[in-house]
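Chemist: Structure incoming, see below.
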Amino acid sequence: MDVAAQHVFLFGDQADAPMPMVRRVVERSRHSKNLESFLQSAIDNVQLEVARLTPAERDTIGPFHSLEGLADSLKEKSDRHGIAQMVSVFIARIGELILHAENDPALLDSSTPLLSLGICGGLLPAAAVAAATNIHELIEVASYLARVNCRVAVAISRRSIEIESGPGSWAFSVLGSAVAQLPDILEDFHREQSIPRHRRAWIAVSTPTWATVFGPPSVLSKLRETSITLKKSDAAELPAFGAVHAAHLVAPNFGDLVGESPLLNRPLKTGYKLLSGSKYAPYNATTLKDLLPQIMLDIFQNETNPARVFDVGGSYLRKGGPISLYMLGATSYLVLLRRSLHTQKFEVNLKTNPPSLQNSELRGGSGSVAVIGMSGQFPGAASVDELWDVLMRREERHRKIPIERFNADDYLDETGRGSSAITTAYGCFLENPGLFDHKMFNVSPREAMQMDPGQRLLLHGVYTALEDAGLVTGSSTAADNKRISTYIGDGSDDWRDLQSQHGVDKYIVQGTQRSFTPGRINHHFKWEGATWLVDAACGSTASAVGLAYRALINRDCDTAVAGGANIIATPFWHSALSKGGFLSKTGGCKTFRADADGYCRGEAVGVVVLKRLEDALQDNDNIVSVIRGYSRNHSADTVSITRPHVPAQMRAYQAVLHNSGLEPEDISYVEMHGTGTTAGDSAELESIVNVLAQKNTRETPLVVGAIKANLGHSEAASGISSLIKASLTFRKGMVPPQVGIPEKMGSFACLDHGTVHVPGAPVSFTRESVGKTRAMVMNNFDAAGGNSCFVLEEPPTPSLKSADPRPYHVVTVSAHCQTSLEENKRQLLQFLTENKETSLADLSYTTTARRMHHTLRSAYTGGSIQDIINSLGRDLGKNHGQDKPGAPRVAFAFTGQGAHYAGMGADLFKVSQPFRTTITGLQKICVTHGFPQFAHLISDPSTPMENVSTAQIHLSLAALEIALVDLWKILGISPDLVIGHSIGEYAALYAAGVLSATDAMYLVGTRAMLLQDSLEEGVNGMLSISGTPQDVAAIVSDESVMADCEVACHNSPGMVVLGGRRPRLAELEELLRARKFKCKLLDVPYAMHSSQLDTILPGFRKAARGVCFGTPTIKVISTLTGTEQQHFDSEYLVRQTRESVKYTQAISHCLSQGLVDSATLWLEIGPGPVCLGLIRSNTNVATNLAMPSLKKDDQNWKSISSALASLYVAGKAIGWREYHSDFIDSLSLISLPSYAFDNRNFWMPYTTGGKHQDVQPISTCLHHLVSQDDNGKEQSATFTAVVSQPSLLKMIQGHKLSGITVCPAGVFAEMALTAARYVLTGGSFSAPVPSLSVIDIQIDHPITPQSGSQQVIQVNVRRPKQSRDFAVSIVDQAKPSLITAKCCIRQTDEQDVIATRRQQLDMIRPKISKLMQDAASGIANRFQGKLFYKLFANLMDYGGQYEGVKEAIVGDDFTEALATIRLPKAQDSNESCTLSPYWIDALTHLVGFLLNGNPMNSGDDVYIGTQMERMEILAKDFSPDVVYQSYAYLEPSQDSVNYRGHVYILSGDSIVGFLEGARFRKMPRTTLHRILGKAVPPKPAKETSHPSVEATAPATTNGRSSATNAQAEAPAPPVNGSNGHRKTVESVLIACLIEETGMEESEILPSTFFAEIGVDSLMSISILSEIKNETGVELNASFLMEYPTLGDAQRQLRTLERKREGANPSTNGTDVAVVVNGEKPAKPKRECNVVLMQGQAPEDSSSIPLFLLADGAGSAAAYIHLPKLGLEDDLAVYAVESPWVRDPAEFTCSFEEAAALYLAAVRAKQPRGPYLLGGWSGGGVFSYEVARRLLAAGERVLGLVVIDIRAPSLRPNPHAAAPTMDIIDQIGMLSGIERTFADDASPEAARLKRHMLSTVTCFSRLVPTPMPPHLRPERTFVVWAKKDVLPKAAYDQLPPGLDAWFYPASHDMGPNGWDELVGDAVEYSQVEGDHFSIMTFPEVTELGRVLQAAVAKCRV
C-alpha cells in the first residue's frame, strides 16, 4: 500500500515580488471561474476598505477595479507605503492555491494532514486555509481576509509614518559573520547617536547565517554609513515599507483590524497545523477570531527565525514519507525550507504553477441594478415631479403642432397625397425645447445652435439626474470616472435636416451626428467609460437601459447613465408616419379604448442613473427602483416587420421572469408599451394575459397601464418615459389612473377572464396593499420588430438612521454663473421655508457631499434649519460680483503655549474617529517614552487644570495641533505655508514634512520633561506689553527698563512679551501701566525663550540629534529667523528654544516676498484664535479669510464648520465625503430643487417645403404671414422673408459695406413698417397707408447673404391693445437666439407731426442759409453726384437704385451738408413696398457721408451705423418726380469713437421727413470684416515717407548663404486708434470671439471665461493667428489659457502695451515698412504659419527662441499642452505649422522642397543664429533637415531635440508598401487624432488625417543626408516614449517598411538610426506614456521637464 503523501504549504512574506504572481493568476483566471470569482470578490472587499482610507492613502494606491489595476501602483511606484504590495501578494497566493485545489480538491479537506508555513504577512493567507474545507469556503473566507490584510497593511504604514514619513527602505539584510555581531553593533550605534527608543533599529528576522534589520530609513542609512563591520559585510537593502516584528513599538488594536464578520466564528480544521513564527509551535486557536490576533502579534511585534520555523515544521511530518511541497507564490524562502527538509531526510516533490482543470461554467447569478436618480422633461411637465402631477390629474397633453416647430397648416392634407403631406396636425410637445445653458457646458452660442436640441436637453437631463442621484464623480469606488459609462437612445435626425436649410457650419458634425450625444456627455463630465448610441426606433431608450443593465452586471462599468430624447423639429417623420398609417387623425393615443385609431407623436427627454444594487447600498444612495431582470428578442416570425408578434412577446416575458427568479403571480403591475394602435394593444394584452394573468392563476387582477395615453408616443424616448413612470409608482406607492378610462374599452377577448384591470382611478401600490414585495413588468417594443422587457422591484427597505451627533453643519450652494447662483439660493430658501422639518444634517450632507460644486459659491453654517433660512434670506440678492475665485494659498498658523484649556478638542474627540485615533495613538507613543498621559486635557472639559504638569500641557498642545493637521488634510485642506509660534513650531514642522509625528512628540515631551526636572516653577515668568509701535520700540530699547529682562516674543509692532524673574516683572508691570501701556503677567511657570532655559539646552541638543530632519515639502516661515527656512537640524531647535520669537519679522517677510497676499487664507491650528490676532496686527487680512480651527467658547463643530464654509467660498476643494464619512449611518440624501440653468433659446423653426412657398409674397421685403393672434389683450404676428427672393436679394446686393454685401437698415425698417401696416389693415393694402414712425431701430447682428443655403428672416410684431406702439424684432432663423434688429413702429397723429416739423424747420433754416453762403464764397465744398459717391466709396458701394444724391454742399469741417435728391424710379414692376428701402437710404445717407466720405479720415477706420432713434418718412409724401433736399449735421463727439447725427428732408419750404439720432461707431476696417465674417481684402500699397529698413538676414539657397534672395518681412505694428495698440488688439480679440462663438458683444464681459463660451485650443490658435494677421501683435498660443477670462486677457494686453511703448517710444503710432531696394518683396506662394506658443517674442538677438516644427498632422496644436520650457518666462517657443495644414491635398512636393519652406519660416522669425530646433514625430525629421541646412550655411545650431521618432533610414526598404490611409491607420499613426476628436469624420479630423498621409507619402521618398562631423549641432537630444501605441501582437501584422517611420521598438530606447545622421554624441531620455499620450496631460508634464533640462543645457 502506497504511503499517503503529506502536504506542506509554503507562504512567503509580503516582500516577495508580486508582479510574476499577479500576472500568472490573472492569466489563469480566464480559464477558471473559481479563480475569476475570487479575484473579483477579493478586489470588491479591498475596494470597500480602501474607500475608508484617507485621501492621501488612497492616492498612493490609485484607483483600481481589478487585481492588475491594483498592481499598477507597484509598476508606477506610487505605492510607497506598501499597501498595494501586501494586498496583491495575499490575493495572488490564494489565487494559486485555488488552482491547486481545482486540480486536487482533497487539499482543502481534513482527510490528509496538512502543515502550513508562513513568514510575517504570509501567515494571513495561511489562516484562510485553516478555516476552509473546500474552494467555495476558501473564496468566501479569503475574500474577507483580503480586507483584513488591507487593514494590516494600512496599520503597518500608519505606524511607520508616525515615526518617519520620508522615502526609503525600512530594512536591509546582513549575511555572514556580521550576523552574530548585530546586537552589539545596534546597541553601540544607538548610544553613540543618541537615538530615541522609537527610532531605534532592530533585528526582525534572523537565522544563523543571515538576518534582517528594520528601522526608519534615515536611521538605517546612518547605521550603514557609520558601522565599519556592516560596510565590510554583504548587506543589501530590501523592499520593505514599514515597521514589522517591532516589540518596542506600540501595537495597533488587533480587534479593530480583525473586524466583525460571521466568518470569524468558523471552526479551524483539526488536521491543519499552522506554525507560529515566534513560539515555533502550532497556534492554539479554535476559530479564526482566536487565530488572527495571534498572527497579527507575530507580524507586528515578535521577532521570527525562519530556519527554526522550518526545522520545527519537519517534526510534524511523518518521517520517511514523500512530501508534497506547494509553493504558493514565488518566494526566496523556498531554498531555506528545501535545505531544512533535505537535512531531515525528507523526499520533496515541489508543486508549482498547476494547470486549471475546471471545465464547468459557474452561473454568477442574474444580479440586480438600482435606479438611483432620474430626470426628465415631458409634455406639460418640466420635471419628474411635474410628470407625476400630470399622471395623477389624468391629463392628456396632445395639442396642435406649435408654429415654432413648423406650420402644420402648410402641410396638412387628410388625403396624404402631397409630397410632404401630413394627415394630422396633432402631437404632444415640450415647452421651450430650445432652452439651453450653453455657458454651463462650455459651448459657444454658435455651436449650441448647431447642436441637436435632444443633445442639449440631455446635457441638462444628465446633470439633473446626477443631482437627483447625489452622484459626484470620484466620490466612491462606483463613481470612479474611468468606470462611468453612458448609454443613449436616439432615433431622429430632424435637426440635421433642419440645419441643411441653412448650409453647413463647422459645428454641424458634432452637433447633429447622433453618436456625439453620449460622447459629449462623457466629455463634459470627464468620464472614461464606454459611450453607446442606440437606434432601435421606438425601442431605442429601452435598449440603451438594457445595455447599461448588462454592462453593470458584467462589470464592464460601475455606474451607468442611460436615457434619450425625442424632439420633433421637421414635418418629415410626421409625413412619413402619416403615409404609413401609424398616426391618429383625432389627437392623442387612445390606449385600451374602442376609438383607438393610431398613435400621437410625442416629445420627451429622460435620464436614469444606474448602479449595481450592492454598490448603491454601500454608497448610501436613494434607490427608486431595482431592475431585477431584462430580456430582448426579435419578432422573427411576424407577418410584417412592423406588426407585433404575440409568441415572441411571450417569450420575452418568460425569459425575464426566469432571469429574475420570479413567478407570474409575483408581478402586480405592468407598464405597457400601449401606443393606442389596435394591432399593437391587442397583441400586447394577449401576450401579457398568456404569461402573467392566465385564468384562475391570480388572487387579485393584474393592473396594467400605459403612459402614452397621457404624453403620446415619444418614439425613441418611449422606453425611458415608461421606466420613469414605473419607478415613480414605487416612490409614490400609487398606480396613477389610466387616461380615457372609463371610456368604452376596446374589444379584447383576452380580458374576458377578469384577470387584468385597467384602472380608471388611482390604485394603491404599497407593500401593504399588494401583500408582498412589489414587482412589475415594463414592456417596450419597436416598429422594427424588437421586444424589450424589464422586471422592476421595489427598493430594499432603508435602515433606521441614528441621530447625527454634530450640532453644527455647513450648507453650500454653488453655480456656474451669478444668475444661476441667485436662483439656486432662492429655490433653496423657498424649499426650506416650506419644509422646515428638513433634517439639517441631511441638508448639509446633500448639498456638500452629494452635489457637484462650481466656481461661484455660497456657504452657510448653523445649528438649525431656521439658522440656514435666516442666513439665506440675508444673503439673497446681495451683489457678490461676477468674479470666479481661483485657488488661493492657505497658510497654517500654529498656536504657541498659553492658549490651552480643559477639553480643547472634546467635541472632536468624542465623535471624530480620525481625530480621536491620532490623539490616542500619539499618547500611546508618548507613554513608551515615559511621558505622562495627556489625552484627557483634550477630551475632558472637567479636567482640573491646577494639577496638570508642564509636560502634559505641552504634549496635549502638540498632539492637538498634529491631530488638527491630519484632520484638515483628510478634509482636503493642506497648507502652502506654515508658521508656528514658539512650541507651535513643532507641529508646523510636522505639517511641512520636516518632523514625523512621533519625533515631534518625542522632542516636545523631552523638552518639557527637561523643563520640569531642571527648572523651578514660578521663579521666572512672562509679561505681555501692548502699546503704540513707537512706544513699545522705545521701551524695548531702554536699557534701564529692560534691566534683568529680555524680549521673549516680538508678536506685532505694538506688542512684545518679556521674560524675567517674577518680582522684576511685577515692578515693570506697575511702571508700564502708569505709562498707559496694556500689560498682563502671563500664567506660565517659566520664562520661555529666555536665559532661564540655558540649563536644559545641552540635554535637549543631545535628544534632538537623534531624530531625522526632512526637507520641507512646503514653505516654512521660521519665527526664529523671521524668514523662510529651508534647512532644519538639532541646532535649529536648540536656538528656537532659547532665542526670541520673531513673529513680526516673519509676517513682514511673508508680505515683502509675496508669500502671502490679500487673498491668502489663514487657518489657525490650535485651541483658539491667538495667532490670528497677531496676524491681523501685522497685516490687513480680511475677517472672513482668518479662521480658527477651534475656539474656547464655541463648540468644536461650530468653528470647524465656519472655517470649512469660508474655505469653500474661497474656492478650496473640500473633502466633503471624508467630512461626513464617520456619520454616514446618520445621514440620508434628500430631494432638493434642481440646478437653475441660465438658459438661452436656441430654437430654429422649420420653414422649407410648405404650401406657402407658392403663395404670392406680401411685399418685396416681407413675404409670408406665419402666424397671427389676437387674444384680446395683445395683437401679435410672425412673418418671414426669404433672402434669395430675387427682388429682395437685388436690394441687398446693391448695398455693400467695404466691399461686403450687407442687408441695409432700410430693408429692416421697411419690413417693420409693412408688418405693422399688415396688422393695422388686416392685410388689406388697398386701405390708406397709416401714419407710421420708426422709433429706435437698432441693428446688432448684420445679415449677409449666404450662397447655397435657404436664408430666412423672421419678423415678429407685438402690440398691446390700446397702445400705438408695435414692438418689432427681426431675427435670422439660422441664429434665432440672436436679435438681428429691433425697433418700435409708432402710429402717429399727423397734426402732431406737422407741429414738430415746423419747430424743426425753424431750427435748421439758419444753418442751411449759412451753409449755402459758405458754398457761394468757396468755403464749403460742392460735390456733384458722381464725386459724392466716389468719396463715399471709402465705405459704401451703392447700386444705381440707391444713388439719389445729385449734388451736395458739404461744410469745410465735414460736420454738416445739404444735398439735392431725386428719388430713383422703381425698375422692377413687381416691387411692392410701404416705403422703398432705396428711397429710405437715398433720403438719409447724407449723414453717413459726413463720416465715411471725409477724405481727411483714415482709410483704415470706418464709421458704422448702429442705431436710429426716430425716423418719420411717410410713403405718401414722396414721389420720384419731385426734387428734395436733405440737410444733415453731426453733433460733436465726446470720445472720437461714437458719433450722433441728424437728417431733415425738405420739399420746397417744408420738412417732409426726418431722421433724428443716427448713431455711428468708429472701428478699424479689419474689425468690420471680422464681424461680417469675411477675409480682409488686400489694401493697395501706399508710398511712405518713413525711412526704409533693409533686412540683412542671410537665407540659404542650395546650402549657400545669400544676403539678397530671402528677406525677412517684419510684421507692421498695428494701426493705432485713439487708444493705440490696446484698442486694436482688444477690439480684434472681441470681434474674433463674436464671430467664432456666436456670442453677442454685450454678453462677453470681463468676467467671461473663454472655456465656458466654447474656446478650445484649436479655436484659440485661430483667434491668435487672426490677431497677429490684423494687428502685428504676436501672442503665445497658450495666451487664452494663461489668461482664462476676457478681463485677464485685457489686463495682460495693457501690460504688454506699456512694455512695448516703453521699449519703442519713437515708433508708437507710426507705420514701419520693411523693404528691399524700396519695394516690399512679393510673398511666396506657400508660407508656414509660425505660432508663438510660450513666452514673448524676443526683442533683441541675445534671446534665442526654440522652434518646434509641426508633426505629421501639420498643426501647432500638438504643442499646446507643453508646460513652460524656460526656467523663467524668458524663452520664446514657436511652433512652425505646415504650409499645407489647411489644404493637405496640395501637399505633394518633395521632402527637400517642404524643408525649404520650414527653413524660410525659421529664418523669417530669426534671421541669424545661433538656433534651437526640435520637433515631435515627423516634426523631428524636418527639424533635422532644417538644422542641417543652417549648419551648411555657416550658422550655429546650439541644440536639436527629436521627440519619439526613428531616424529616416539611409537604406530604404525597396519592398515597403506604398502609404495609404488604411495602412497608416493600421500602424496607429492616426491614433492621436482619433483621441483628440470624438468623431473622426469631422472636417478638422479628416483634414489632419489627410495631412498625416501626405507627410508619410513625402517621407516615403526620403533618403536623408547625414551631417558631416564638423557640421553638427552642439548638442542633440532624442526623447523616447516608453509605451507602445499598439499591442505587441499587432506589430507582427504591419505592412513592411512603414512602421519604421514611427515607433521605436519598445525594448530599444537607443539611437534608432540617429547616430548615423548626427554622430554618437546623442543624449537619450525616456518618458512615461506612448507616442501620443506624452503630448497630453498628465504625461506631458514629464516630457516638459526633459525638454526644459535639454534647453537649459543649450543656453549660451
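Glycine is treated like the rest: Cβ placed from N, Cα and C.
Below are the features listed in Swiss-Prot for this protein:
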- 9-245: region 'N-terminal acylcarrier protein transacylase (SAT) domain' (REGION)
- 366-794: domain 'Ketosynthase family 3 (KS3)' (DOMAIN)
- 891-1150: region 'Malonyl-CoA:ACP transacylase (MAT) domain' (REGION)
- S982: active site, for acyl/malonyl transferase activity (ACT_SITE)
- 1263-1392: region 'N-terminal hotdog fold' (REGION)
- 1263-1569: domain 'PKS/mFAS DH' (DOMAIN)
- 1267-1568: region 'Product template (PT) domain' (REGION)
- H1295: active site, proton acceptor (ACT_SITE)
- 1416-1569: region 'C-terminal hotdog fold' (REGION)
- D1481: active site, proton donor (ACT_SITE)
- 1573-1621: region 'Disordered' (REGION)
- 1620-1697: domain 'Carrier' (DOMAIN)
- S1657: O-(pantetheine 4'-phosphoryl)serine (MOD_RES)
- 1725-1923: region 'Thioesterase (TE) domain' (REGION)
Chemist: Between S982 (active site, for acyl/malonyl transferase activity) and D1481 (active site, proton donor), find the distance joining the two CA atoms and give it rounded to the nearest Å.
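Modeler: With distance taken Cα to Cα, D1481 (active site, proton donor) is 82 Å from S982 (active site, for acyl/malonyl transferase activity).
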Chemist: Measure from the Cβ of the residue listed as 'active site, proton donor' and count the other Cβ atoms within 10 Å, all protein chains considered.
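Modeler: Its Cβ shell of radius 10 Å holds 24 other Cβ atoms.
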Chemist: Around H1295 (active site, proton acceptor), how many other CB atoms lie within 10 A of its CB?
Modeler: 24
Chemist: For S982 (active site, for acyl/malonyl transferase activity), what is the secondary structure state per DSSP, taken as helix, strand or coil?
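Modeler: DSSP assigns S982 (active site, for acyl/malonyl transferase activity) to coil.
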Chemist: For H1295 (active site, proton acceptor), name the DSSP secondary structure in the helix/strand/coil scheme.
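Modeler: SS state of H1295 (active site, proton acceptor) = strand.
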Chemist: Looking at the domain 'Carrier' (1620-1697) alone, can you tell me the average pLDDT?
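Modeler: Its mean pLDDT is 76.
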Chemist: Tell me the Cα distance separating H1295 (active site, proton acceptor) from D1481 (active site, proton donor), rounded to the nearest angstrom.
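Modeler: Distance between the two Cα atoms comes out at 10 Å.
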Chemist: Within the domain 'Carrier' (1620-1697), count helix residues (DSSP H, G, I), strand residues (E, B) and coil residues, in that order.
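Modeler: Here the numbers are 55 helix, 2 strand, 21 coil.
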Chemist: Just counting, how many other CB atoms are there within 10 A of the CB of S982 (active site, for acyl/malonyl transferase activity)?
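Modeler: Its Cβ shell of radius 10 Å holds 24 other Cβ atoms.
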Chemist: Could you check what DSSP calls the residue listed as 'active site, proton donor' once collapsed to helix, strand or coil?
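Modeler: Its secondary structure by DSSP: helix.
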